[in-house]
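Peer 1: Below are the structure tokens for one structure; questions will follow.
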Amino acid sequence: MRRISIFGATGSVGANGVDLIRRAGGPAAYHTVALTGGRNIARLARMARDLRAEIAVTAHPELLDELRDALSGSGVEAAAGPQALIDAAQRPADWVLSAIVGAAGLVPGLTALAQGSILALANKESLVCAGPLLRHAAQASGATILPVDSEHSAIFQALGQDNLESVKDVTITASGGAFRDWPLERLAAATVAEASTHPNWAMGQRITIDSASMFNKAMEVIEAKEFFGLRPDQIRVLVHPESIIHAMVSHVDGGTIAHLGAPDMRHAIGYALNWPARAPLPVAPLDLAALGSLTFRAPDEHRWPALRLAREVMAAGGMAGAVFNAAKEQALDDFIAGRIGFTRMAPRVEMTLQALSARAGFGDDPVDLDTVLHWDREARKETAA
Ligand code: NAD
Ligand code: MG
């Protein structure tokens with residue numbers, strides 16, 4: 001039986017992964033090794049009981065007793081804390097879904113790669129802050145990384161067997177998020193509640209706000225460079241309010257292959273779960289006649305300065321991705337906590353990039369985990385409001 005683990009099982013992506021495993025037959029179809037979560041102990045315990053996991057892990061040590069109680073009599077082991085997450089990632093599994101949010105997903109993902117499984121990667125932050133590290137870890141153990149971001153899954157599928165050399169460029173679409181049509185002068189006063197809504201996708205709060213600011217798309221541009229080995233000038237962003245086309249690959253011969261589908265993460269997760277085969281998934285069929293039309297516009301970098309920052313990060317190289325991601329996470333924390341306004345996030349990230357590049361020099365430093373974690377901490381300190 002195939003062994004699976006889900007890191008961040010209680011989140012939006014993780015719960016969609018659990019849903020797919022349940023629909024496939026749960027413990028009759030898959031052997032669940034580890035499920036991990038945060039503060040939602042009741043949800044984590046319910047999932048672990050349903051799938052008869054070997055172990056459930058909460059990231060928070062102080063919640064260990066609560067998790068033990070919730071699992072009593074189930075036969076599921078309970079564990080807590082950052083080291084327990086790493087220990088769980090060391091348990092052999094054939095397929096691991098990396099769906100923790102933020103740089104906290106980096107070490108569990110690297111650990112899972114070291115034991116040679118398929119890593120289905122939703123945690124884009126780990127590619128942005130340490131792409132070369134992930135690639136080296138996969139090469140060393142023979143592990144495979146599959147994309148679980150919808151746009152990157154779309155590129156992966158549209159590429160098929162095509163050689164990267166025949167690719168002219170790729171286009172990642174963006175819905176434009178909550179503030180796509182807001183007058184620019186209103187953005188400074190946008191509230192957390194307003195930024196936490198999305199026109200098409202149901203996602204965790206952090207990525208939803210990152211969609212309104214386009215920091216999510218900026219991260220995805222860097223993710224595409226790291227994942228596919230594309231040049232920065234080969235990665236384009238296109239605003240597409242309907243979120244039906246997820247990405248397009250344009251070839252040197254003038255042809256373009258697009259990937260379309262309902263905005264439902266279970267497609268990208270299920271594709272990675274069944275890869276290299278395909279199997280039916282609980283995703284609404286595409287009805288283009290009912291939609292009538294699909295629309296597109298060029299992204300406005302005045303509205304979404306994060307897109308310009310992504311290009312600067314790619315040009316800088318080295319630790320710039322780690323600094324960018326951490327600064328973005330800190331600015332987002334400060335926005336959510338009410339310490340800064342919506343439009344202050346991008347300038348703070350830009351100031352951190354400038355301040356730290358003066359201190360560190362970005363260049364092509366060899367990437368190792370300690371260096372990444374060092375600049376992650378420095379960037380958070382520099383950005384904090
Ligand atoms: P979420 O906030 O809904 O869930 C995050 C999960 O991570 C939860 O299980 C939480 O308990 C856990 N977690 C949070 N902080 C942690 C920490 N410090 N240590 C260990 N565990 C921690 O997030 P999400 O929207 O599901 O996103 C997860 C990842 O997938 C992110 O990297 C996001 O960018 C990416 N992603 C999400 C979507 C989506 O549809 N939600 C789409 C594409 C990519
Ligand atoms: Mg995406």
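Each residue, glycine too, has its Cβ placed from N, Cα and C.
It should be emphasised that the depicted structure is a prediction, and the values quoted were computed from it without experimental measurement.
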Peer 1: Say TrEMBL lists Asp149, Glu151 as binding Mn(2+): which of Glu77, Glu194, Glu220 is in the same site, per that record?
Peer 2: Glu220
Peer 1: Ser74, Ser166, Ser175, Ser250: which one does TrEMBL list with Lys124, Ser150, Glu151, His198, Ser211, Asn216, Lys217, Glu220 for the 1-deoxy-D-xylulose 5-phosphate site?
Peer 2: Ser175
Peer 1: Let me know which member of Gly81, Gly176, Gly177, Gly204 TrEMBL also records as binding NADPH at the site of Thr10, Gly11, Ser12, Val13, Gly38, Arg39, Asn40, Asn123, Glu125.
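Peer 2: So the NADPH site in TrEMBL includes Thr10, Gly11, Ser12, Val13, Gly38, Arg39, Asn40, Asn123, Glu125 plus, from the candidates Gly81, Gly176, Gly177, Gly204, Gly204.
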Peer 1: According to DSSP, does Asn216 (1-deoxy-D-xylulose 5-phosphate binding site) sit in a helix, a strand, or coil?
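Peer 2: Its secondary structure by DSSP: helix.
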Peer 1: Quick one: of Thr10, Ser12, Gly38, Asn40, which binding-site residues lie within 10 angstroms of Glu220 (1-deoxy-D-xylulose 5-phosphate binding site), measuring between C-alpha atoms? Sequence order, please.
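Peer 2: Taking Thr10, Ser12, Gly38, Asn40 one by one, none has a Cα falling within 10 Å of Glu220 (1-deoxy-D-xylulose 5-phosphate binding site).
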Peer 1: Cβ distance under 8 Å to Asn40 (NADPH binding site), same chain, sequence separation 6 or more: which residues?
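Peer 2: Non-local contacts for Asn40 (NADPH binding site): Thr10.
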Peer 1: For Glu151 (1-deoxy-D-xylulose 5-phosphate binding site), what is the secondary structure state per DSSP, taken as helix, strand or coil?
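Peer 2: SS state of Glu151 (1-deoxy-D-xylulose 5-phosphate binding site) = helix.
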Peer 1: Taking just the CA atoms, what is the gap between Gly38 (NADPH binding site) and Asn216 (1-deoxy-D-xylulose 5-phosphate binding site) in Å?
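Peer 2: Counting only the Cα atoms, the answer is 22 Å.
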